[in-house]
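According to Swiss-Prot, the features are:
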| type | residues | note |
| --- | --- | --- |
| ACT_SITE | 160 | active site, proton acceptor |
| BINDING | 67, 164 | NAD(+) binding site |
């Protein structure tokens, strides 16, 4: 049995096991029912122990930790095998990523390649593996953290935005590919979220708390949605921006 009798997940895998948004989503699921949590964490991540304790306090029935280096794609099959070794995984949350300094990224080849490797290549790598596992078990929910920055890539953060555009397209397509096998994929496009990663960035309009994103993720998953914005109003903002001609778009202070 995968989900319990009322649709609550029994095992949740968080790839990016110290992600504030990812942990908030796990906490929101645990408010409904206890579950086993598997945290896939970068070796040596200083937030590892705190994340485990956070999940225990939130009501997890068990918390397992597996080492996960996003850039070491050769190790990913073993990581996913280990995560599924204890039985079916009902929900897998893809919530790892880098933000970086926008102006440095397009002028530093090493860092540009690194962020592309983490935000896009690694996301594709684990997505393929999760799809394979969940297809075999005949069920499952993947939640992929995208970004409004990928909807129309802006000059102000185009390296980061381009990686999220790629992730977004991949997971939307993966959802289409897996539909017939009983596996669902939800892509979440948040604007700015109040976390440690964005603490140094000037707060933008429509900024939301991680708890808001978590509530949206769990609710949208239960409804079988494939794509949601956080907040919902961002959808209409980006709908307008997407159709602005490039010469005009270039002059906008965004």
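For all residues, glycine too, the Cβ spot is worked out from N, Cα and C.
Between the CA atoms of residue 67 (NAD(+) binding site) and residue 160 (active site, proton acceptor) there is a gap of 25 Å, rounded to the nearest whole number. Annotation for residue 160 (active site, proton acceptor): spatial neighbours 98, 99, 100, 102, 105, 115, 119, 147, 149, criterion Cβ-Cβ under 8 Å with sequence separation of six or more. Residues near residue 164 (NAD(+) binding site) in space but far in sequence (CB under 8 A, at least 6 apart, same chain), listed by position: 119, 146, 147, 149, 150.
The Cβ of residue 67 (NAD(+) binding site) has 17 neighbouring Cβ atoms from other residues within 10 Å, across all protein chains displayed.
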